[in-house]
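Per Swiss-Prot, the features are as follows:
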COILED    18-49  coiled coil
CARBOHYD  N237  N-linked glycosylation site
CARBOHYD  N243  N-linked glycosylation site
CARBOHYD  N297  N-linked glycosylation site
CARBOHYD  N413  N-linked glycosylation site
REGION    1-317  region 'Tail'
REGION    318-462  region 'Head'
Amino acid sequence: MSDLVQLIRREILLLTGNGESANSKHEIEEIKKQIKDISADVNRISNIVDSIQGQLGGLSVRVSAIESGVSENGNRIDRLERDVSGISASVSGIDSRLSELGDRVNVAEQRIGQLDTVTDNLLERASRLETEVSAITNDLGSLNTRVTTELNDVRQTIAAIDTRLTTLETDAVTSVGQGLQKTGNSIKVIVGTGMWFDRNNVLQLFLSNQQKGLGFIDNGMVVKIDTQYFSFDSNGNITLNNNISGLPARTGSLEASRIDVVAPPLVIQSTGSTRLLRLMYEAVDFVVTNNVLTLRNRSVTPTFKFPLELNSADNSVSIHRNYRIRLGQWSGQLEYHTPSLRWNAPVTVNLMRVDDWLILSFTRFSTSGILASGKFVLNFVTGLSPGWATGSTEPSTTTNPLSTTFAAIQFINGSSRVDAFRILGVAEWNAGELEITNHGGTYTAHTNVDWAPMTIMYPCLG
């Protein structure tokens, strides 16, 4: 820098000694002023460069400290060193640019006439240099932050690895006892003759000759038994099953009930190992029909319909004791039929015959919904009280309807109940099925029906 100043001074003296005009002096003064500004700028740049070199020196010290503290993280330190090398390269670029600036000043010695233009160019380059130096400062701050963060991460990783190594050192199995074998990181059980692992990887005894009565069930060894004759009690003892232990008592019972001698007309016939008990009878008078012993010739006893009945004790015929009034009952499924709806409901109907009429008394019952028409069916083939035949319910006439009745009902729709009535009439009896036609009445929308007790009757001789 001092050489540059001396050179400029010599040039100024040379110009002065040549007797330039006042205008030249003015230009020289301007040049001096610009040179002073350039000198001030160069000094400021030098100070900035010195500051950067100081920061680089501090950074080198910190990098050295990091290298000594985290030697095991060489890869990351290498990256930091490459970053520092990049910074050094940037500083070398700055030195190169400063050398270029010196070269340009040397050119200014030879081209003093173009000093204004060179000075402007120098100011522009100096401004760019300041920008680059500021960028370098920012990069150094980012690098410092990154180094600090990476160092903390490295310390945390080292601490975690140290904890895991401590755990491994504590839990690691280095030797095994008798019956075990350690191969690398695996521990095996030494299995001798007479032992094996089942499909659940459980060590078991190996019995090669289980036919002798021993075997395994789950994880236990048991005695093999024939469960048809033997079982285990609550104490694990082998006991006889009931079908075996009860044989003596059953044998004694059979022996006690054995018939050795029979009286006529019975006789015992033996054929080989078979003993047959036979009934002796006179074939002229008796015959076995459908495994039943009957007379070959007998009088046919007539059958009687109500109100007549046969007293088998003395073979006498008399008026039935329930003539004029006879009680009974039928229980079964009340069927409802329409082309689009069909359901069954269990009901119990009390039967009462008065003279030549059969009265059906229905108790209170509930059913599913009905339509405005349809028919109800009672099947008297089954469900009648003892003494009541299916034919005793057959009507004595085929007039349709045989009779009608008004049935009080309630139509139910959710919580709503509507009182109503239906007109029912006995229409037909066919092979024990009595049809009751639904002729109409009041009607409303509903889901279920409650039927009040009702009676319906029709002519019937029984």
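Positions of Cβ are set from backbone N, Cα and C atoms, glycine also.
Structure coloured by features recorded in Swiss-Prot.
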residue	record	DSSP class
N237	N-linked glycosylation site	coil
N297	N-linked glycosylation site	coil
N413	N-linked glycosylation site	strand
DSSP-derived helix, strand and coil totals, residue by residue, for the region 'Head' (318-462): 4 helix, 89 strand, 52 coil
Among N237, N297, N413, which are glycosylation sites, the residue with the most C-beta atoms within 10 angstroms of its C-beta: N413
Mean predicted confidence [pLDDT] for the coiled coil (18-49): 71
Separation of alpha carbons, N237 (N-linked glycosylation site) and N413 (N-linked glycosylation site) (Å): 67
Inter-residue C-alpha distance, N237 (N-linked glycosylation site) and N297 (N-linked glycosylation site) (nearest angstrom): 68
